[in-house]
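Trainee: Have a look at this one.
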Amino acid sequence: MGCTASSHVLENYGEDDPFLQSQKANDAIEQSLQMGRQNDKNEIKLLLLGAGESGKSTVLKQLKLLHKGGFTHQERLQYSQVIWADAIQSMKILVIQARKMGISLDCDDPINKRQLFECKRILLKAKALDHIDAGMAGGSDFLNDYVLKYSERHETKRRVQSTGQARAFDEDENSLLPKDGDRAMSGETIIDVEYGFARDGKLDLQQIFQDLDEDSDNDHMFLKERLREQWQQQQLRHQQQHISNQDIAHAIDQLWKNDRGLKQCFARSNEFQLEGSAPYYFDNIQKFADPQYVCSDEDILRGRVKTTGITESDFNIGSSKFKVLDAGGQRSERKKWIHCFEGITAVLFVLAMSEYDQMLFEDERVNRMHESIMLFDALLNSKWFRDTPFILFLNKMDIFEEKVKKMPIRKFFPDYQGRVGNSEAGVKYFENLFLSLNRSNNKPIYVKRTCATDTQNMKFVLTAVTDLITQQNLKKSGII
Ligand SMILES: Nc1nc2c(ncn2[C@@H]2O[C@H](COP(=O)(O)OP(=O)(O)OP(=O)(O)O)[C@@H](O)[C@H]2O)c(=O)[nH]1
Ligand SMILES: [Mg+2]
């Protein structure tokens, strides 16, 4: 109506009349709004969902490699810091867990395995934060995550932070309000208990002892003892020889290659929390030790930076515009999911197939595969996605295929009838289990087997998936 009326009225005005000028401006704005609405309608919104560590961000990284020319220099520098710190901490975890599990280590033998004993001494003395640029690694986000991951003291906190419920996500808007367990860690004293670091990088042992003394938990006796040792060591610290990155890399390399106990411990790493890419870090430890090292594409795909919140990335794929939303998958992140549920063209659910024998990082009482089943069920049958197609990525197939040879699926899923070691039977079992959760007759689920760290595999899969979604979208909007 505005258009006809205004063109009729306009005939009575000269070109430079202020009224005419303002009408023209209004028309232009209206036209651009309409175009915007049209573009929004044509834009494909793809939402990446799944449990923490399943590989969502790795899928997004592959999309960036395929359609955005790859990673920035800044990202490459960030990952070289993060990976070096994770490599040091992951090897320490193996030593500590081996002791907890009663596995005897070659490196604990100062007489017959003198060299390995010395390597272990160097490793345990090294403080990862001393050897990286924490600012470049991601600043306070990195430090928060680091403490949560590597302080024994935070095992219970992880659970509290995750809200402790087996809930998938909050369908109820009211439940989006912060709860007791949601307190951000940033307001608290951040101390890496094991290595005695306060947030500002200074040792705050007095505070640590105070915290531990208040805590009557006997589990902390071991920790207290270790802290006392650390404290004594700190007194000597300035007189001690500086440990170089090369010393640490050499120690990790030797321990990884030659300590039989550490190998046994690694074989049981489903019983504790260890970075999935730790073997990759250890195999390539020399390059990560170089402070000038700039990460390759493969390093970035293997590296792990937990997603906090929801990130949006735009891609032009063929003649379509894609907006890809990547959501953090850990429990504490899921309350944010509901904010991006509207107007989604397709949900891409990433499942880590290899994690059928592992427990959640957020709650070590819960099996990761069970968590994914519960999550997929809740999302697939939610009111938000009644008419939304789902794509299910059976991810981490490379690890799964190796793992099924040694770790029987039936141990964790008693109704599994397939042969031990038969990966095809295992994949079919989990695929059918997930497909059986679909309570709608007309909602398609497309399944793809993936190894998100493999660029060749992902190029093939992602091309097929983006083609499929584009076709579906064109059909839905009546264009074809
Ligand atoms: N071997 C192997 N590693 C994988 C695969 N997919 C992902 N990873 C690794 O798994 C780790 C976690 O991957 P992310 O992509 O960060 O997981 P995420 O789902 O985004 O995790 P959140 O952000 O916490 O929700 C990274 O170290 C990846 O390199 C895979 O198919 N094979
Ligand atoms: Mg992520």
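Think of each number as a place in line: the chain as shown, counted from 1.
Note: Cβ is positioned from N, Cα and C throughout, glycine not excepted.
So TrEMBL has the following annotated:
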BINDING   301-307, 326-330, 395-398, Ala452  GTP binding site
BINDING   Thr307  Mg(2+) binding site
Trainee: What count of other C-beta atoms do you get within 10 angstroms of the C-beta of Arg304 (GTP binding site), across all chains shown?
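Mentor: Other Cβ atoms within 10 Å of Arg304 (GTP binding site): 17.
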Trainee: Restricting to the same chain and to sequence separations of six or more, state which residues have a Cβ under 8 Å from that of Asp398 (GTP binding site).
Mentor: Cys451, Thr453, Asp454
Trainee: In this structure, which of the binding-site residues Thr307, Asn395 has the fewest other Cβ atoms within 10 Å of its Cβ?
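Mentor: Comparing Cβ neighbours within 10 Å for the binding-site residues Thr307, Asn395, Thr307 has the fewest.
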Trainee: If you count other C-beta atoms within 10 angstroms, which of the binding-site residues Leu301, Gly328 is the most crowded?
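Mentor: The most densely surrounded of these binding-site residues is Leu301.
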Trainee: Quick one: of the binding-site residues Leu301, Arg304, Thr307, Asn395, Asp398, flag those whose CB is under 6 Å from ligand 2, and say none if nothing qualifies.
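Mentor: Cβ < 6 Å from ligand 2, in sequence order: Thr307.
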Trainee: Need the DSSP three-state call for Thr307 (GTP binding site) to compare against my parser.
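Mentor: Its secondary structure by DSSP: coil.
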